[in-house]
Each structure stands twice: as structure tokens, then as C-alpha cells.
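*Asks:* Dumping what TrEMBL says about this protein:
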type	residues	note
BINDING	Arg75	pyridoxal 5'-phosphate binding site
BINDING	Arg97, Ser98, Gln105, Arg313	substrate binding site
BINDING	Arg271, Arg398	tRNA binding site
MOD_RES	Lys284	N6-(pyridoxal phosphate)lysine
Amino acid sequence: MNRESFAAGERLVSPAYVRQGCEARRSHEHLVRLLLEKGKCPEDGWDESTLELFLHELAIMDSNNFLGNCGVGEREGRVASALVARRHYRFIHGIGRSGDISAVQPKAAGSSLLNKITNSLVLDIIKLAGVHTVTNCFVVPMATGMSLTLCFLTLRHRRPKAKYIIWPRIDQKSCFKSMITAGFEPVVIENVLEGDELRTDLEAVEAKVRELGPDHILCVHSTTSCFAPRVPDRLEELAVICADYGIPHVVNNAYGVQSSKCMHLIQQGARVGRIDAFVQSLDKNFMVPVGGAIIAGFNDSFIQEISKMYPGRASASPSLDVLITLLSLGSNGYKKLLKERKEMFSYLSSQLKKLSETYNERLLHTPHNPISLAMTLKTLGEDEDKAVTQLGSMLFTRQVSGASPPCIC
């Protein structure tokens, strides 16, 4: 309702009551105006009524929700099920255009605005989490692996002679497949054991760069978040190698936004050397459904180049989910979750240490991994592989998920 509507309402209800309702409406609108003006995550989370008001007002800016709209094209936001329409808050057009996932759609001003605001809020949160000099990012409706592939395909146009990607080993299939899918040959660099930790072999990385030749290397593909006893790569040193040899550097930061240590490594790597892009999962860092990622970087034009590489329009669902989540939490709510995660990790570490000692096992000393823990399982005996699988099964049937053999090896 606008001012004229409220004035008309005063003929039906006491003007004093209407004015009170008008002031209440303005309090909601004030929050929306601040969001649009600043483009930053509000400090305090919004209540659901403000959120739904905002989303409904954005939705009616899309042509499929115009009263009397007559769409005669092939893509007019038609939805057969009212339940599906409500599930998506009637944002049917998706985001982007055929040439750029970040472009504005003439038929969907509301969806386009949603996309721009979401990217702006996510950029604000990445800075808050520790990467202060990041310049641009965008939400892409693909999980981490395919988002890494998109980065590699973009680099292909810049480095036509490149055939190889140098990759310090991390035992996760999606990381490996992201390079294969892009058409490149992963050059696996085995890690070195330092104490209990598996760490980046920098000498082997540099030796391989010299052997293959910088022009034949698409990029170095490093990792922050990982399972212990593997620890985050030596990002600063890798970034310096990449800068010295003129090789791009792409970082898999899948679940690293929640870790101040991982974000600090990225910030420092960009400060002392070269990091072209870093990719993080939406579900792992923002507690939304699987299916989205954030591609971010320190060179605005390169991140725009990646967004233009995405073919066609894209689903708005991941953007909508993370927008609702961040506006519900506010920056204070998100910071609280980061603090609680650190506290829970410390508690888990102390309790797992006690448990391991009770059964004559040992919690591995992996201080450089701020996310994952590992303990020995020597008491399982000769049939260790089978016993580890059985232990994982027993934990799962007792509703303990996530403690897979790589985590408790």
C-alpha cells in the first residue's frame, strides 16, 4: 500500500489507527531501503514478515506476475503448479541472460535485483569472514566441482597452449573430475609427511613447473578445506610461485568460508603472490540446500569473464536461498555461528583426544587443519579395512553422520 491507499483507508477506519499501521509499514520499508542503498548484510537479522514483504514486492516486478500480462514467447515464466510457484516465491525467470549469468533481464527486473543484491551480500560476508580485499563474486547454481570447471574453461581462452593443471593431491573425486571435465590433464603432486600432517611439497611443485614449462600449465589448483591428516595447502608460497612464473592460481575453498584460518590463507596468498579465483560451496558455508557455489576473486574483470562463460540463463534458487538465509541471520548472526563452530571444534578435539587415549589410540596432531580431526584405529587389528567400514556403519546407524573413514583413519 502506498500513501494514497492509506489516505483512502482513513475514510473507513480511524485515521489514528491507519497512521499507526502506516508507520509500521514504513519500519519494514526502512530496512529494505537501507539494504538497497548499502548493499551490505544488515547487522541484525530480519523477521519473516519483512523478508516475505520484500520478496513479494520483488516478485511482482517480474513480467510473469504482471496483472493482464500476455506472454507469447517461448520463455514467459509459465508454471503449471501453484505449489511450485509458491515454492519459488513466483520468481520463475531465473537469473542472467544467454550471454552472462550476471546480466539484467528486461522481463525480470525483480529477479535481476534479487541476483544483484545476493551477490553484494555474499561479497560483504566474504570480507567479514577474512578476505578483506576481494573485489567481486557471484553465486552460480552449480556445486563446487562444476564451478571449478567453469573457472578452468575461462582460463583456457587466456592460455591456449596449456594442457596441464598442477594439483597438490587431495582425495576428493569432484576436485579431480573438475579438471578432467574441463579437458585438462591433472599433474598430481604428492604431499609430504611432516609429523602427523600431510603438507604441500613446494619443491615438487616448482620442479614440475620448470619441467612442463609455464606456458603449458593452465593453473595451479590448490585446496584449503580438507580432511585430516591432510592440511590446507601452503597458499602463500604457492601464490608466490604462481606470481613468479606467471601462472594462474585457482583455490578450492569448498567449506573454508566458515574457517578464519582458511580465509586468512587466501587473503595472505593474494597479498604476497597470485590468486585468480577461489570457489566455495553454499550449502557447506551458509546452510542452504545443495546446488550452489560462490566464485570470487581479486580481479574484477576476470570474475566478470567467468560469469560470461556460463552458457544460458540460470536457476535463481541458490541465490534466493542464500539471500533469505543471510537476511534472516544478519551479519551478527553469521558471526555468532562462526564463533560457535570454533568452540565446538575445540570441544570435539578435547573429547576425541580423551576417547582415543581410553582405547590406546592417538588423536593426530594436525594444528594446521582448523576444520577436520583424525585419530588412529590400530586396535581394530589385521582386518582393519573391513573393521573401519563396520565402524563407519555402526556410527551411521546410530545417526552419527560425517565421520567417514578418511576422517577417522
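Cβ coordinates are placed from backbone N, Cα and C, and glycine is handled just like the others.
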*Asks:* Taking 8 Å from the centroid of the Cβ atoms of Arg97, Ser98, Gln105, Arg313 as the cut-off, which other residues in that chain fall inside it around the substrate site?
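*Replies:* Going along the sequence, the neighbours come out as Gly94, Ile95, Gly96, Gly99, Asp100, Ala103, Gly312.
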*Asks:* Ranking the binding-site residues Ser98, Gln105 by other Cβ atoms within 10 Å, which is at the bottom?
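*Replies:* Ser98, out of the binding-site residues Ser98, Gln105, has the fewest neighbouring Cβ atoms within 10 Å.
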*Asks:* Are there residues of the same chain, six or more positions away from Arg313 (substrate binding site), whose CB falls under 8 angstroms from its CB, and which are they?
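*Replies:* Same-chain residues close to Arg313 (substrate binding site) (Cβ under 8 Å, separated by 6 or more) are His93, Gly94, Ile95, Gly96, Arg97, Ser98, Ile101, Gln105.
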*Asks:* Considering the binding-site residues Arg97, Arg271, which residue's Cβ sits among the greatest number of other Cβ atoms within 10 Å?
*Replies:* Arg97
*Asks:* Long-range same-chain neighbours of Arg75 (pyridoxal 5'-phosphate binding site), Cβ under 8 Å, sequence gap at least 6?
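*Replies:* The answer is His93.
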*Asks:* Which one is it: of the recorded positions Lys284, Arg398, which Cβ has the fewest other Cβ atoms within 10 Å in this structure?
*Replies:* Arg398
*Asks:* How many whole Å apart are the CA atoms of Lys284 (N6-(pyridoxal phosphate)lysine) and Arg271 (tRNA binding site)?
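*Replies:* A Cα-Cα distance of 26 Å.
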